[in-house]
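Undergrad: Handing you a structure now.
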């Protein structure tokens, strides 16, 4: 594995999940593996879980992690080839990424989409500039279109809670939100759930269709109640429109999951990547109840990152 | 000791002071004690001494410290139970604290008061939400109403400079300031000085009475000159009004200590927690003279934090 | 070596260059040398390379580095002696630096000039306050008038690429920029290049004369084309006017180096400290071509810092 940016194949996903579970069982079993190796964690956007879990994952492998909050401690990066840099940007990504490539063994990069320039976001332009110019392995800490460490942690969590030998019914449901939110978590979850061979249904109001590139193999069902019937795992997430790019079409509160939504899925577990807007995306009763796996997902972020870093430095 | 949030009893305080002095004498004597243990340092407000001294204390114990400046690198936390989160707050404390509880062995939290909502501040609501939801030991790096690590460092400093066998006269004096300042340092100092069985006098202009909860056992004297007679240690600190909550009643410069204030306390040592507004709270001549213990207090912050962390992870 | 703030003498420079090259060859050869020692990295201004390379250098020596972004995580420092601190500054440098002096074995400080108060900048007032009040060795991470770690890395880079036994012709050329930029990099480069006994020519438009204190021993040539004839190394850098302090007199794009400038210096290597404004200071064709040493300079920042820290803690 050179970079970690997306779901590659089931065999690799299975190995990563297995490795993550092994680390969860014994976090410091590979404490010497990363000795003398450095990961640079580059944040172009805020973070809580991702920053902390990646640092902890690195420490558990004996690696050194250095965090750089480019937006706060550094300066604006120029992303365009051939730009005449006589405006606000101070350094070109091709120079900054190349330097970081000489400073670290691995880069871990967070770069959100603009939700304005659909072409640039869809090409994952900014994230890919780091890959193009750093010359070293790059791990996605959430790019414009994917959040694969989250999805790996989600797959680990499902594996821990599914009945063995039975293909679970997994539902990804859109939820209301007050802001325009990226598609990355939803895209990646769909990509990994289908890739891991789960029975995936995606439900959302009309107009919220995700990029078909990520939803191949999933069932699309516009009626949330129908989608939830018999669900084993319900993944809750808001995203803005993809076709009418970055727009909010509705904030219909009926889409917010409450206990009453689970009449036909009484044993369903509920997942969310956090941070969650309580009583907007998901009700307190669900989040604080027995269905919720959100804390377990967050904890598994450590071991997902540890499995990925471990495989990257091999 | 589960949490470290306040003065508990003289026996525990004595053990902490003794431990801090032992670490000062040999900072790395317990370098293996914290191996594999992690402290998450959560700052909702700025810091210089507290951030650095806590990191150093952790390092001296072989622990890993991860600093999170929530206000700068993260997002606004929702503190209210049952909130419908459709405004500026991005994540509920109950979710964030619970995640941090799975990531760390100890949390160290700085959460200043609003100085607006007296009830919330007085209950130490925000700080206590971290205790309630993290599920792990929490160390106060200054809460709305207390700054116990500062006070422990102050007690260590007094112990280093007092005559053995003589109960020292300690004076806590209000000082002018241009901004409305929290009560935490003054509250804690009073709590610890009385708890450690020192002879404490508190002096301030009328209207600056502290919460009686913290001043029990101390003498209140409105005349600063009278209060200073025979003082061995004079602790200088501004605070805003408590009764007329968060208000500034006076900035009378006569309350600023100069050398001329020490006519009847010629051997008195002067203390301040820093940062200090020079020539507003305290004159240059006092701060730069022989009375000043402010640098020793700051240095002892390391060993106070080290003693607390050491006892917490036992 | 007590502090590292400037070029001292050729003998010391040679030893630092040699040491840096030895570390580049084997970064962790002194991994136990700094055990238990701490460097506090104080940033009053943003940084990418300097922050990361200093942390890495410390790690390579087994030292602990703690970064403090005073501008973001702390508060405004008062620099004036005797100030009555009733305005925006929260802590006096004499208190803050003294505390840092008790917390660390070495301080590394970045403090840019105002480009407004020429006297204060020229005296390197803020940086020197850290030396005056911390009481411990201080390493410059760029002060108002010098950037010696950059220059040391530059000398290492020249040494790696020069023909042995031949004194290279080194040209420092002014380049256009849209903002008023400090003189520190240009000053230091001149100081070190002359000090290391290179043949230095400085070229810039009239009005951009540097402080003569730094340019003694160099040839000043106002015609860029003439200056470049036969150059082996061309160091590109913008700076604002020194005499007409902090002013921008011209942004004449003819001063931006393109391939066509190298007709009479076909083998010249091009250097820049980064960040570089592409197609304003230097053209893409030069930066992306074979002449460019900018990435090698950036990499050598690690080993320059490592050599300095290593010698400081000896």
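Just so you know, glycine gets a Cβ as well, placed from its N, Cα and C.
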Undergrad: Return the residue out of A:94, A:213, A:216, A:237 that TrEMBL annotates for the same N(2)-succinyl-L-ornithine site as A:142, A:177, A:277.
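TA: That N(2)-succinyl-L-ornithine site, as TrEMBL gives it, pairs A:142, A:177, A:277 with A:237.
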Undergrad: Give me the mean pLDDT over the domain 'Aspartate/ornithine carbamoyltransferase carbamoyl-P binding' (A:11-160), rounded to a whole number.
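TA: Computed over the domain 'Aspartate/ornithine carbamoyltransferase carbamoyl-P binding' (A:11-160), the mean pLDDT is 96 on the 0 to 100 scale.
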Undergrad: Near chain B: which of the binding-site residues A:47, A:147, A:177, A:237 have their Cβ closer than 8 Å to one of its Cβ atoms?
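TA: Listed in sequence order, the binding-site residues near chain B are A:47.
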Undergrad: Which one is closest to residue A:149 (carbamoyl phosphate binding site) in space, judged by CA to CA distance, out of the binding-site residues A:142, A:177, A:237, A:277?
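TA: Considering only the listed binding-site residues, the nearest one is A:142.
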Undergrad: When each of the binding-site residues A:49, A:75, A:142, A:277, A:301 is checked against chain C, which show a C-beta distance below 8 angstroms?
TA: A:75
Undergrad: Consider the binding-site residues A:177, A:237, A:277 and say which one has the Cα lying nearest the Cα of residue A:147 (carbamoyl phosphate binding site).
TA: A:237
Undergrad: Between residue A:277 (N(2)-succinyl-L-ornithine binding site) and residue A:47 (carbamoyl phosphate binding site), how far is it from one CA atom to the other, in Å?
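TA: Cα-Cα distance, residue A:277 (N(2)-succinyl-L-ornithine binding site) to residue A:47 (carbamoyl phosphate binding site): 16 Å.
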Undergrad: What's the number of neighbouring CB atoms sitting within 10 A of the CB on residue A:149 (carbamoyl phosphate binding site)?
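TA: There are 26 of them.
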Undergrad: Out of the binding-site residues A:142, A:177, A:237, give me the one sitting nearest to residue A:49 (carbamoyl phosphate binding site) by CA distance.
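TA: Nearest in space to residue A:49 (carbamoyl phosphate binding site), counting only the binding-site residues, is A:142.
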Undergrad: At the level of the C-alpha atoms, what whole-angstrom distance separates residue A:273 (carbamoyl phosphate binding site) and residue A:237 (N(2)-succinyl-L-ornithine binding site)?
TA: 8
Undergrad: Measuring Cα to Cα, how far is residue A:142 (N(2)-succinyl-L-ornithine binding site) from residue A:47 (carbamoyl phosphate binding site) in Å?
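TA: Counting only the Cα atoms, the answer is 10 Å.
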Undergrad: Indicate the candidate from A:49, A:147, A:177 with the smallest number of other Cβ atoms within 10 Å of its Cβ, considering only these binding-site residues.
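TA: Counting other Cβ atoms within 10 Å of each of the binding-site residues A:49, A:147, A:177 gives the minimum at A:177.
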